[in-house]
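As given in TrEMBL:
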{"type": "DOMAIN", "residues": "5-297", "note": "domain 'Deacetylase sirtuin-type'"}
{"type": "BINDING", "residues": "Cys142, Cys146, Cys193, Cys196", "note": "Zn(2+) binding site"}
Amino acid sequence: MLKTERKAEQKVIEFQEVLDQTDTVLIGAGAGLSTAAGFAYGGEPFRRYFADFDEKYGFHDMYSGGFYPFPTLEEHWAYWSRFVFLNRYCDPPKPVYKNLLELVKDKDYFVLTTNVDHCFQKAGFDKHRLFYTQGDYGLWQCSKPCHNKTYDNGDIIRQMVEAQGFQVTGQGMELPTGTVSKMAVPTELVPHCPKCGAPMAMNLRADHTFVQDEGWYIAAGRYDDFVRRHKNTPVLYLELGVGMNTPGIIKYNFWRQVYQNPKANYICINKGQSYAPREIANRSICLDMDAAQVLIG
Ligand SMILES: [Zn+2]
């Protein structure tokens, strides 16, 4: 075994020891955790479900098409419904989230996440212990927005996908052999705001129009309570797959809280971006690994 491998293995053991000794865990999760769970915006899944969009527009991954100004709402929702169905309503291929739940389910835990794919709920995490700060692929809002409410999109997303020729199976969608997918949804499925009639939009924090609904404020309050209750107690801050896109929400926030609480420990699991500032280094374990390596083995 190489020296670096031995060192990584040792750190995983240290992580498990710290976890065993701590009854309170604050999880911070970013996009890297869902990547580790096998969700991929490019590659085979993209070619399989978006070949027609690739051919027409030259997109090579699901993300690039997400903000493209399609000429019609029918086409816009054809694209987004496939995207949402795959990333919000299907389970991730690997049991990263389920294994994470096994580690913390008997502890006092809370999850702060910038992910919008619902993976924590799908894996069985208690929804009262979750704060999704950036929205949810499963919700729509008024595009203006004229009011602060969000709407579940599950039923209509499924109908949109089926209307394009896909067959929805228990755990995914398939294009039956010989079927050519339609790149538009029927006009009657295009969603409009029930109050002002403007087109609906995804409930994602992309700009100032993002709606923070009642559920968002309730979750924010629960997160604040959790932090307040534990600010002088031993807490493990467990950061998973958080990159540098929006470091203020989880990463810098965790560093500051760990610094202010001498009984807290910080663990960062992220391939290629695992780091802790010097001030908290003696209470930190940084694992330069994919979360799947640590949580699945
Ligand atoms: Zn409206």
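Positions of Cβ are set from backbone N, Cα and C atoms, glycine also.
Because TrEMBL annotations are produced automatically, they should be read as predictions rather than curated entries.
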Position of peak Cβ density within 10 Å, selected from the binding-site residues Cys193, Cys196:
Cys193
Quick check: which same-chain residues outside Cys142, Cys146, Cys193, Cys196 lie with their CB within 8 A of the centre of the Zn(2+) site CB atoms?
Ser143, Lys144, Pro145, His147, Pro194, Lys195, Gly197, Ala198
Overall pLDDT of the domain 'Deacetylase sirtuin-type' (5-297), taken as the mean:
95
